[in-house]
Each structure stands twice: as C-alpha cells, then as structure tokens.
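Report on the structure given below.
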Amino acid sequence: MKVKEIIMPTLVLVIITVVTSGLLVVTNSITKEPIRQQQIAADNQSRQEVLPQADGFDDGQTIELDGTEYTYWTAQNGAGYVFSTQFKGYGGPVVVMTGITTDGAVAGVKITEQDETPGLGQKALDASFTDQYIKAIPEEEFVVTKQGASADNEIDAISGATITSNAVTNSVNQAIQLYNTLTGGGD
C-alpha cells in the first residue's frame, strides 16, 4: 500500500511535466518564425527611419574596427549606410543605429536597445536629443557638453544622464569611424 501511495503521485507529476514540456516545445516551434519575422520587420523599419532616403537595404555585412566586428547595411539605391554600434550606458549597453548618407551627413540616429533609468537616461530616446546628430559629419568627433552646444561637434547632454549621453555620442562617433573606414574618408 505504501509503495502505491508514493508511485501514483510521482507518476502523475511525471506525466504532467512531460505533457507540459511537450506543449511548450510545440508552442515555441509555432511562434518562432513569426517572432523572427516581426524582428526583421522592426529592424527594417528602424533602418528606414535613420536613412529615409533609402529605398531598401541589403541583408547586412560586417566590418572590423579595432578588432571588433560591426554590422552595417547598404541602401539599395546607394543613398548611404546604416551602422549598428553600442557603448555601455548607465543601465547596460546602449545599441544605436546610425544612418549616414554617401555625401557624409548623419541622416538619423535611433536607439534600438537600452535599459537606462526611466525619466533620465530614457530621454535619449526623444527626438529632441537624437536630432542633434543630424548634420554633416563634423571635422572633429561629436562631444557631449553640459553648457549648451555652441560648436558643430557639440551635443547637449541630457540633464542627469551624462553617462547615457556619452554612450549614444560614442556610438555615433563609432558609426562615423566605420563609415570613414568603409568609404576611405576622414583621413
């Protein structure tokens, strides 16, 4: 009698676990491709936002800078390039997509991944911050300032979020370096 009292509940738990695991596997296999397609669509939309002159993009290529590989996409109509770069922010990595036209202007900047402080570092997502980069590539790299931007290469820091401001600025500067490496410019 005692053996039966131990075996039956154990067997029921094993069956429940196996059935539940099987259902999770089936659900994952059904949703995996739609989730991947949604991510591709979101990435394509982000690329289009930072380089609106483009009529589409290639599948993406890699370029190496200082021993690190970065992904970039070329506009199918030759309008420019989109680079994905990242630097450490206050709450972790800040991933930035930067669009640069073939005539050497930053066309757009979009933060695609971040975990910054709500109300402070997340202000970097606002167009009022990212639009500061939309201009011809300055002769000197972009720098963050707390006193108000007065030069072409100065970016107004987000009050209380200098680390995040620097992370985005460093990412954009890195995209410009990649652009210069790719095109042979910036000597």
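Using the three backbone atoms N, Cα and C, a Cβ is placed for every residue, glycine included.
Straight from TrEMBL, the features:
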- 89-179: domain 'FMN-binding' (DOMAIN)
- T162: FMN phosphoryl threonine (MOD_RES)
- 6-26: transmembrane segment (TRANSMEM)
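Note on the domain 'FMN-binding' (89-179): DSSP counts are 30 helix, 25 strand, 36 coil.
In the predicted structure, the domain 'FMN-binding' (89-179) carries a mean pLDDT of 89.
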